[in-house]
Every structure is written in C-alpha cells, then in structure tokens.
C-alpha cells in the first residue's frame, strides 16, 4: 500500500493524497471508493507543524526568550491539567459517595426496619429511575456526543481523527453529570472510563482558559503558539493519562495506556510530559480524597479505607504463587478471553439492534428507564429468592441487610447490591474465603454480565473497566472456592489472588490492552510479585480474545464509522495505492488568483483542504471528466484559513513585521476553534472585490506531506 | 526546518534529501556543510518498507498462508531472543561469581591468615591486572567496537543509524569476555549496560540462525521476508529490553527503556513484541540462576539470596514515607542532578583527552593496566589507612576481613571491596544503620566516583548503571546517618530508603531517563509505595542535570560522531531547510541505462543510495559546477542492490514468476549483510557487456520518502 504510512499524518486526508509530484494525467485503474462515505463525516486533525512565511517570521521576531517562556508556560499548563482532572475526579467521587450512602441507607432501612418489600421496591425503583432519567436526558437533549465511556473517541482523537465537540465545555459538564447518575443508579457502568475521557477533555480545554486569562498581557506571544492541534493532542494525551492515573492510582499505567492506545504520534518528549501530568494527578486526587473522607471513615474497615492502592494492598507474605500454578493462570486467561469475546460479540449485535430500532430520543429514553427498572427489580428479586444467610463478619457489618435471615447473619447477595463498585471489588479481592458462597457469586456474575451488556450502549456515560473487573473477580473467586473444595490441601489457593487474576483475565479479554493493564494492576494492588501471573493471564486472554473478535474499543470505533487507520497495512495489500481509495475529486488552487475565483471554488466544493499549485489556471478534477494538467505543488491550505483570509480581508495588506502577528493569530484561531462548528459556509463577496488578486503563499503551509504517484 | 521530521526516515540520508519533486535548478543560497563530515562515516538504516515490483509479486504469489506462517515464526524468533539473552546473562553471572569468589577468598586468606600485606598486594594486583589485560586485549585486537557499555550504539541503532559490526557474532563474544573481565577485576564498571547491548546483538543475530537452519526447507519463503533492517531493528529493541529485564528483573522497565531511548520507530505492535520478549527473559534468567546457585546459597543471608527483586525486597511495613519528607526528596534530586552533571562533564573532558593523547593500542593497554594497578593499590591502602573497626553482624560475616581489628570485628571498608557490586548495593540498601559509618562511606563514595570516571572510556565493556547506583546509595546512606545524628527522633529516616533515593538521584542525574528508571526501581525493589518519592527525585535530578549538561549517553553519542537527529528540531531553525545541510553532490541514475554507464557512476562516487529518475541522461551535480536538469523521480536504489544486480547479472533475464524469488533473496541478502563490510568496491566489467541495457524499475524501491524543494 504505497505511502499508507503517511495517510495517518495527512492533514485533511480526503483531498491531499492525490497530489503526486507532478499532478499529471492519472492512469485508468478501476478504483474502490468504498471507504469514501466514512471519511466524509470526519476530518483529520492538523497534527503536522504549520510552516509558513508567517510562522518563520514569528519565530525570528519573537526570539529565544519567547521559546523559553513558552516552554515554561507549557509545563504550567500540564500542571493545571493534572490538578483540574484530579479535582473533577474528586468532585465525582464525593457526589457519588453522598448519594449512594443515602440510597443504601434508605433501602436498608425499609427492609430491615420497616420489613416492607413493596415500599422497598418502590424506593429502589425511584433511586434507580430518577438518576437514570437525569443522566440520560442531559445526554440526549444537551450533548448526545457525551454518551458511552468516550474511550473510543479518545483513541480516535489521539490518532488523528477530529471528533466533533470533543473539547466543548458543555460536553465535559454533561459527561460529569451523566457518569454520576449512572453510578448512583447502580447500573452496570463504571466511572473510570469516563474519567479518562474527562481528563482528555480537560486537557483539550485548559489551554484556552490560559489564553483567555493572559492574551492581553505579555502572555499573548507566549501562549499563542501553543494553540494548535499538535499541542492540543499532546495535552489531551496527558489529560487522559491523568484521568486513569487518578481513577486507579496508577501514574505509570496511565502513561502506558495513553501510549498503547494513542501511539501514532508519540515522541519521548511527549512521554515525559504525559508522565509528569499523570504523576501530579495521582497524589493530588489521593490527597483531596483523604482530606474529604478522612472524618467519616472507620479505620478498621480496611475495604472502605481510602488507601493509596485502588484494589487494596495485596500483602506479599500471605499471597504468593508457585510455578506449578502457571497452567491455572493460562486457563484463567483462556476463559477470560472467551468470556471477553462473548461480551464483545453480544455487544456488537446489541449495538446493531440499537442502531436499527432505537433511533428516536423517546425510544432511547424508554430503553434507559426499562434498564433502570430491570436493575431495581432483579436486585430485589435476587435477594428475596436467593435467601443465602451468611454469618456476619466484622468487616462487612454496615453494608448488608438481614432480611429474612436470623439475627447475627445477613442476606449474602445483598452485600453486592448495597455497596459501591469500589467497595465490591475490594471485598471480592480481600474478604476471606468463607465470606462468599458459590451460588450468590454465580448469580451475581451472570446478572452483572447482562447488566453491563445492557448499560454499555445506553445514552449515558458508562465505562466498563470496573464492571469487567467485578465479573472477572466473581468467577475468579468461584474458581478458587471450587479448587479449595475438591483439593482442600492445595496451598496458595487464596480467593483474593484468584479473584484478581479473574478480574485481569476478564478485563484483558474485553479491552485487549496488555502492558498498560499489567502495570495498572501492579500499581493498584501495590504488589510487584504478581507481575508474572498477571502477564501470563493477560497475554493469554488477549490472544484468545483476538482469535474470535476485535477488542471492544476497536469494535465500537468501527461501528461508529470513525475512519481510524491501523498502524500497519493489512497483509496482501502492497499493490493497492493511496490513489485507489482516496477521494477522486481533487481541487487545487493556484498560488496567485482572484478573490472571485477563490470564492467560487470554496462555494462549489466541500473539501476542507486544498493543494496550492503554481499554475495560473485552477481545475477541479471530477469523475468521468477529462483530466487536466495541474501545476507544480507549492503548499497546502485549509478551508478555515481561506475563510479567515476572505472574511478579514487579510489579502488587502501585504505581509510585514507589524501585521504578521494579528494575521497569524486569526489563522491559528480559525483552525483551532473550527472543531465544534460546521466548516462549510457559503461565502458572499461584493462584485467589485472579485477582481482583487490574492497571493496565498505567505499563508499556505509550505511543507505539507505528499505521496508520490507511482507510475511504472 | 522543512521536512526535518522525515530526515530520520531517510534511507541513505546523504544523497536523497535533495530530490525535490522536480529536481530542477536550485537556488544559490549559501550552505553550511559543517555536518557533512559526520554523516560520511555512518549510513542510515533502511527502515522503510522495501516496495518494488519484486516484493509485490512475492506477496501475491506467496499468499495469505505464508503471511500467517511468517507471523508464527516471528513470535518464535522473539521467544528465542529472550531465551538466548537470558542464557548469556546466566553464563556471565556464573563466571563472575566463580572467579570473584576465588579472588575474595584468596585476598581474605592472605590478609587474615597469612597477615602478609606485600603478598596480598601482589595477589590483588594480579587478580586485577590479569583480567584487565585479557578484557582489554580482546577488545583492542579482536573487536574495538565492543568497547564501552554499548548503550549509545543501541540508542543510535534503534533510531536509524547503521553502526558497523553491531550485530557481528565476534562482537558479541568479545563483549561477553570483556564484561566478565571488568567485573572480576573489580573496576568501576557494571555488567548491566553491556547486557543490554548483548541483548540487542542477540536480537540482531538470531534471525540469521533461523535462516541458516531452515532456508533449505519450507522455511525459505517464510523466514526470507523477515530478513530486513526493519525487522532486525524490532528484534534488537526486543533484545535490548530482554537484556535489561534479565539484568534488573524488570520486564516493564526494560520495555519502557527500549521505548524511551529508541522511540523514533515505535508502534503498538512492536511494543507488544518487546514486552513479550522482556516478559520471557526475566523468569528464564531467574529460574536459571535459581537452579545454578540454589545449592551454595545460605538462605539466612538475605542479601546474597537470589531473590526475584534485584535490589532485595523493600518491606512496606518497615519503610514508609510521609508528605513532609518531600523537600528532602527534592534536595536529593538536586544533589543527584548536580553530581550527575559533574560526572558527565568530567567524563567529557576525559574523553577528549583520551581522543587526543591515547591513540595507539599500546597506550590504551597501558592505560588499562594503570587503572587496574591503581584499583588494587587504592583498595588495599584504604583498608590499611582507614582502620575503622565494626562489630561483626551476622549477615555480613563471610565477606569481610578482620585485618588489624580485634576479634569479632572487621575492617569496615573491606566490606566494600570484597563484595560483588550486587552484594554491595543490596547491603547498602538493607543493612541496619549501624553497619556503616560516615567516613568509610565517604571514602568509598569518592573512590568509586573516580574509579567509575576512569573505567568508563577504557577499551573494555563496562556499564555505569551499578557504579552510579553504588555512588548514590553511599551518599544517600551518609545523608540518612547525618539526619539521624542531628535529629535522632525523626521518624522514617531509614538508611535503606535514603540509599535507594540517593541511588535513584545519582543514576537519574547521569543517565537522565525518568519513567523507565522509576519502573525499574519499583520492579527491582518490589515496592510500589515508593513510586512518588522516586518520581520526585528522578524528575528533579533530570531537570537539574539537564540545566548543566546533556545526559551521558547523548554526550557519548555526540563525541563518537554518530549523526543522531533529535526528535524535535531545535528552536529558531524554521528557516533552515534540508537543502542547507544535506550533501551537495547528488547522483541520480536514469531508470533505463547501459551497464557501462552504471559502472562508471558507481566507480566515481561514494554515495550508497541513488534516486532513480526518468530522464535519459544522468548527471552528477558537484560543487561549483553548473546545475543540470534532473528527470522525474521514479524511485530509489541502494548501492548494495546495484552491486548485486551487476555481480549476478540479474539484468540479463526479465522478471518472471520463476526467477523473482532468487533475485529478491539476493537483493535482500545484500542489504542485510552489508553492515559489516565496506560497501564501496570498484567494479569491473567486460567491454562487451558495457553495451547491455539495464532496466532498474523492477528492483528499485518505488515509494521512497521525499522532501519537497521549498521554492517561494
């Protein structure tokens, strides 16, 4: 596939790729335009350096001091991204904690004190349906793009696809409200995935706040050059890492996740900044939570304590493994991979069904309410039907109901529904083997699997990190109980260890990340010793899963129609050229032309990027029309830049040292803010202006990427 | 700097970069050819896909099954790289262990049993000089390129510079012998750096072993396509990671180091392979060492036990930190950065001195012997002069001498010289505070600093990871003793913790890696809790160090003249074009020409790569000679490929499905093996063959990278 390596870098991919070095007549090979329909909805980001006469002049006139100042400010911006992401994370946690306590308290009250099942059902339904309605309505009516975990969008954005409204502040707000609602309602969605998206959104918006604050002072020259897509992508990568770092207390894992998923544009200086950001976010978040929750936490309840380890500390002296357990780790991996592939496959068909049949907002809302009611009913029903009684452990006293059980014992399955996800995962990892029996675990595992399938794909912000971990931890624990039952003498059968491996296998089977997940698990458990078992399990889960389906994020990206290119061309494609799949109408613009002509071109085509050529005449090559000769390629210019040039009459004054700054700022702003608006707009121009000649050379990018025409 | 981002990717950088899309007459701007002299010694690797009619045909005829088989074989190759690297690591360790035991036993014997200082000095000198002589001679007379840690070469290679003899098997052998000798002699050099280089060399050579084993069977079609520079670079990256993974028991850290240093050509699929390789190497190495050393290890001696943690397990319950210690961590970082910058600076001047004055092999050998004798004398002298006596601790009984001390006590500084570096670093990290006093620590720290400065730069394979760690651990321990002395009530002043932070600061100040070092430290201590202090210290050390000097590897790369491009262009260079610093004689070859003409071109120029153009006439543009017009660019061909075409008369038969395979194999082999030989060779051709016409199109790379000529 000639030059496909460059495609990812192409600015405004649709129109550039044909510009070979001569733009002369093209061969008559049949073409496959099958992917045109996807690429028309999305644009590529302008990740290349914008090099023009303007920027060269700016650099010369600003000098070295401004470069240094920009560097300092850049670090401060990264610092503020980390702080803001951590702050949003703390806010989300606080609100969830408050409402969940209220909810669980009310339910416990009506079951154990009032003994009224009907009242309880009503309360439960209210506590599920109201947040669901709120969370779904804000998404549907204010910001539909905030639905889902947002990680597929982050992946796409980091790899160069412009996702509309990705950095809008309203999207951020809606996302926060919606994720809080999902967690309060107790649906099968976590807050960790959305927190990554939120971190990325914070990263994408912070620089604008800096700009607004300092543009009138000396900061103008310094912050101005930081406002470009390249810097924004770096900051979003850092924000995403900060989000994961805060969510799981895992700075290195966050950095690696950002790297593993957004690897197209990685450099070691970027890694350094991303790590800095993740490293600041984690202690900030942790310190903030310690300050807020320190008074209402009972230090004896290790599961609820806000330790620095998200999964709770795994003690190396009590939990260990031997080499003879390796086959078990592999079996765990295979099982996790299979379950993960099943999950992805069901989710795929469910998504298709939703795309076909649940289209109107009314239906979407009804679907959410249905899921919410289903959650409340199945939770309560499972508690009534499965009346396993469990002797009260000291550690689990406050979060369970007695229901029909004798005094001093509690309804076992209630402990799952009356805890937040974090508490559940920690209890599954750390409670002794007798705390859970097989049947409730199995029921919980199956219900949660269904619940997560239903929730992922609703019009709310729900992640699937924690749900996957819970499902995996549940079946991992079941496995440990079964092994313990059939060979009670086996050493090393710790339920927590097996729950951890099950969680890793399940998450790995769904998400298919490996190295970053390994590190996240190590950082979240505080245990380096498990490196080997975790690696074996995650590797096997990934391989097994990949054998059957794509990972969940790739599947979602494909379904959403985002034209994300894979990093390597698929096999047996070396005879396909860029020409075969690019857009077949290329519009080139001469470097010197009249305003009228330019406006006509802009009004008759929908391209967002135009090659600038030396020829005097300009042609649009369209299908089935005789090919015309293009001139020599001079540079490349974006529609947004042309719009600015025409709107602000930049062409009237020649470029000099006094006005370059204003011009550059206008051009930069245009590319930078056009994310959230439709770019195409019909231009009007007075008849007497049509004759003025524009010279595009000072404004165009003079060093665009090009792909040669292979002519044998 | 127009197109500088592509420079790194340029194959045979020196001649390609001028080929703009027309190759028409060039402007008359003055040029700075100052960097020409460096680039003439080294060539860029051919990291781009080789796309030609041959490869397209190969892919089509081989089909999908061969692609799958290649993928399977590739994983097996990575597996074998990991196993081989681990095996070499185990071999090195075993030999060092054996000889060091012998050496220390003999010295203890002559001091404590025979009480003869003179005899002892002679024995010591023999034990230092003989290995030094062996280690230096093999390098000087067999393989001069094996000198040094080799990490600068690995960095250069992974970033696209062809280092001669980098993958020769002889270089690997010499490296192993030399590094063993350095460690036995007790010079200030470690085996960890060279092990990374060794891993890379193993990675670069294993595929050839596979080829030799299977080329006659069905493996020919499968392994053939894996023999290219791109795959080799991937395998070397994996091998380097495996080396670090084995050396420090740090698979994630190894992967990250490979990434942080060789990031130019990274992709997520490569990361996945590198991690796989590192993940296999670590347990293999560990299991191998356990099997070999399990019988002669006293399980009570925690410092000497072959634990899975290279630095020994840091227990979280005894060693912890509070937020109030953060200023101390920052001060540690600053001090480490300063000392690191000092180290780099001294090393720089020492290297310059060596380059100027120590040129002949005789002088180099004498220098090594001088350093060896110096080591032996200063070790013994320090023991005699600094007769600090220390009560024997149970843990340190076997590795010390009593000397002039009373019974039951030992000469304190002897414990440093009569232990291997691994044992020393573990004892500095884990012994109680009373095991070392300030003066011996200070003396050790200063002596080792000088020793390491002298050793790094000798003609032997000596790394500086462990020496840096030892220096840092020593001053870290001094700091903890001082703090303990002046405020004995301070909690958390654990000597081991401060030694660890000192080691991190010192290594970070010299090497300037951050995220990978953080992870290495976490994996090597088995303690995740120290993540924050380590990050703070390493960040500060890097920033402080960067303020004064480059990192040691960048400095060494610059001194060695390797033309490694930085990932970002330096500030204020946007008006410098590729044209300004490229080689000014470009030789283009027409795509159809006569053999005689081609031979003449190859004999009159030293370029290793040639653009193939459509024009009928070929020109060499030389300085001060009138510019001629070039034809349209068709592709790119390497001298090695042209040599093969001429030598094997490939041009005599047209390309068809029967002979493409042989031709492709010859061409591949030529590029792949030319690393170790001089490429330029004068060609001779019979007078009657000169008239035969060659068509280069099937053999040339039809999709080379190009940089446009910026013409305003």
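Sequential numbering from 1, following the chain as shown.
Using the three backbone atoms N, Cα and C, a Cβ is placed for every residue, glycine included.
Annotations in TrEMBL come from automatic prediction, not curation.
Look at TrEMBL and you will find B:75-100 (among others) tagged as transmembrane segment.
Here TrEMBL flags B:121-141 (among others) as transmembrane segment. For the transmembrane segment (B:121-141), the list of distant contacts is 99, 103, 106-107, 110, 147, 174, 177-182, 184-187, 361, 364-365, 368-369, 371-373, 375-377, 379-380, 458-461: same-chain residues at least six beyond its ends, Cβ to Cβ under 8 Å.
What TrEMBL lists as transmembrane segment is B:147-164 (among others).
Only residues 6 or more beyond the boundaries of the transmembrane segment (B:171-189), in the same chain, are considered here, and those with a CB under 8 A from a CB of the stretch are 88, 91-92, 95-96, 99-100, 103, 127-129, 131-132, 134-136, 138-139, 142-143, 145-147, 149-150, 165, 195, 197-198, 201-202, 205, 371-372, 375, 379, 417, 420-421, 448, 451-456, 458, 460-464, 467. Summarising the annotation, TrEMBL assigns transmembrane segment to B:171-189 (among others).
Annotation source TrEMBL lists transmembrane segment at B:195-214 (among others).
What TrEMBL records for B:235-259 (among others) is transmembrane segment.
The transmembrane segment annotation in TrEMBL covers B:326-348 (among others).
The transmembrane segment annotation in TrEMBL covers B:369-386 (among others).
Positions annotated as transmembrane segment by TrEMBL: B:433-451 (among others).
The transmembrane segment annotation in TrEMBL covers B:463-486 (among others).
As annotated by TrEMBL, transmembrane segment applies to B:498-522 (among others).
The stretch with the most CB contacts under 8 Å to the transmembrane segment (B:326-348), chosen from B:235-259, B:369-386, B:463-486, is B:463-486. Using a cut-off of 8 Å between Cβ atoms, the transmembrane segment (B:75-100) and the transmembrane segment (B:235-259) share at least three residue pairs, counting only pairs 6 or more apart in sequence. Across B:195-214, B:369-386, B:433-451, B:463-486, B:498-522, the stretch most heavily in contact with the transmembrane segment (B:235-259), judged by Cβ pairs under 8 Å, is B:195-214. Scored on C-beta pairs under 8 angstroms, the neighbour of the transmembrane segment (B:147-164) with the top count among B:195-214, B:369-386, B:433-451, B:463-486 is B:195-214.
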